[in-house]
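Inspection log for the structure reproduced underneath, given as structure tokens.
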């Protein structure tokens, strides 16, 4: 049994977790012993988005207490760890460096292996951490990874074997929600704000575009949708008799959801798999999960939608990927650097390959 501490600090959550997994290194059977997350939401809400410098400072203040709490909740002494895993890419460079420095210090002090982990590979581990799911998660599958900084579709053929099917050409879906929320006069983060307002709105009130649906590839684009929202609000302001803000929010959210659902299920058909995973912060959107589940069922696709605490950034997913990487011998051979930009299909560069 491998016992791994995972550390995550790529953006605005300071997280650490302890997991245990089998030495064969398959994500099945990984048990989460603790999973501690300190959110910086209140730090950044005043600014309407993540401020990198403030994020780094908050990580510095909270990284050690979060690690100590994760160890305490797991009932594990540092010497009982087999390795320390840490997110090294991609993310805000200052934020990444805080986690990397903490992990390297621990690894040296304890004389334990340090395992670098790609953030998006961590998200791919989240469905394997769902207890009691029938049928159990297996490779291969298609993954829709959606967050403030990423929107992409992957064909995960096996652990470490990922084919990029499509990605956003401009804004990530989380950015589309944040910027849309700002236009609607809502707060940050935009996704939950838009979703809350949309609950009382008519999803068909405004005919917003679904972009790139008529093409065979799986890229996304949300810049045109944002422009359509801005144009609509200028032409038909709610205070002058236009559709209500709730109707506009519901229609805007539905356009985003439709695009993600149609592309994801089309990708499943394209590669011939019947398992679909959704992960990342936007994966917590209730309407997206609801519509994806309904359409997946119609098309004979099994949807794996992890609980919200596993969709958003957390240490358990990093520790789980760390177990698998450690079993493959993928550990640091020297000083580890933070890499702010690294596509998941190039993640082997982390391990010198």
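Each residue, glycine too, has its Cβ placed from N, Cα and C.
The model shown is predicted, which means the values in this text are computed figures rather than measured ones.
If you check Swiss-Prot, you get these features:
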| type | residues | note |
| --- | --- | --- |
| BINDING | 119, 123, 313 | Fe cation binding site |
| BINDING | 145, 146, 147, 148, 149, 178, 191, 285 | substrate binding site |
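Listed in sequence order, the residues of the same chain lying 6 or more apart from residue 147 (substrate binding site) and placing their CB within less than 8 Å of its CB are 172, 173, 174, 280, 281, 282. Every protein chain shown contributes to the tally, and the Cβ of residue 146 (substrate binding site) ends up with 30 other Cβ atoms within 10 Å. Using Cα positions, the member of the binding-site residues 119, 123, 313 nearest to residue 148 (substrate binding site) is identified as 313. Secondary structure at residue 285 (substrate binding site), taken from DSSP and collapsed to helix, strand or coil, is coil.
The shortest Cα-Cα distance from residue 178 (substrate binding site) to any of the binding-site residues (119, 123, 313) is found for 313. Packing around residue 145 (substrate binding site) is summarised by its Cβ count: 24 other Cβ atoms lie within 10 angstroms of its Cβ, all protein chains included. For the pair formed by residue 285 (substrate binding site) and residue 119 (Fe cation binding site), distance between Cα atoms is given as 20 Å, rounded to the nearest Å.
Remark: of the binding-site residues 148, 149, 191, the most isolated position is 149 (fewest other Cβ atoms within 10 Å of its Cβ). Taking the Cβ of residue 123 (Fe cation binding site) as centre and 10 Å as the limit, one finds 31 other Cβ atoms among all the protein chains shown. A separation of roughly 10 Å, to the nearest angstrom, links the Cα atoms of residue 146 (substrate binding site) and residue 123 (Fe cation binding site).
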